[in-house]
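A.B. asks: Sharing the features that TrEMBL gives for it:
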DISULFID  Cys30-Cys73  disulfide bond
DISULFID  Cys45-Cys59  disulfide bond
DOMAIN    21-83  domain 'Ubiquinol-cytochrome C reductase hinge'
Amino acid sequence: MNAKIVNKVLPSEDEEEEIVDPAIELRATCAASRCQQEVADYEGCVKRIEGDETGEKNCAAWLFDMRTCIDHCASETLFSKLK
């Protein structure tokens with residue numbers, strides 16, 4: 001096979017870009033800005049049930065509220081950053 005063709009199809013490891021997921025940074029930004037209340041509510045719930053040995057208590061509702069807020073916030077700009 002021609003080396004020039006192989007190099008175009010399979011770039012060397014030195015030439016490969018590090019792929020970074022923009023959603024991770026966007027979610028962190030949203031959690032720290034627009035979704036502060038939801039994050040605080042979830043963390044408060046986690047602290048309240050830390051000592052629960054029975055496993056009956058959970059923070060699912062607060063987790064869903066927090067994730068919904070973060071995902072909604074991130075989705076507003078996520079697709080404009082994708083290639």
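Every residue gets a Cβ built from N, Cα and C, even glycine.
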A.B. asks: In sequence order, which residues at least six apart in the same chain have a CB under 8 Å from the CB of Cys45 (disulfide bond)?
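C.D. replies: Result: Cys59, Trp62.
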A.B. asks: Within a 10 Å radius around the Cβ, which one of these disulfide-bonded residues has the most neighbouring Cβ atoms: Cys30, Cys59, Cys73?
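C.D. replies: Per the Cβ count, the most surrounded site is Cys30.
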A.B. asks: How does the model score the domain 'Ubiquinol-cytochrome C reductase hinge' (21-83) in terms of mean pLDDT?
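C.D. replies: Mean pLDDT for the domain 'Ubiquinol-cytochrome C reductase hinge' (21-83): 93.
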A.B. asks: Under a three-state reduction of DSSP output, how is Cys45 (disulfide bond) classified: helix, strand, or coil?
C.D. replies: helix
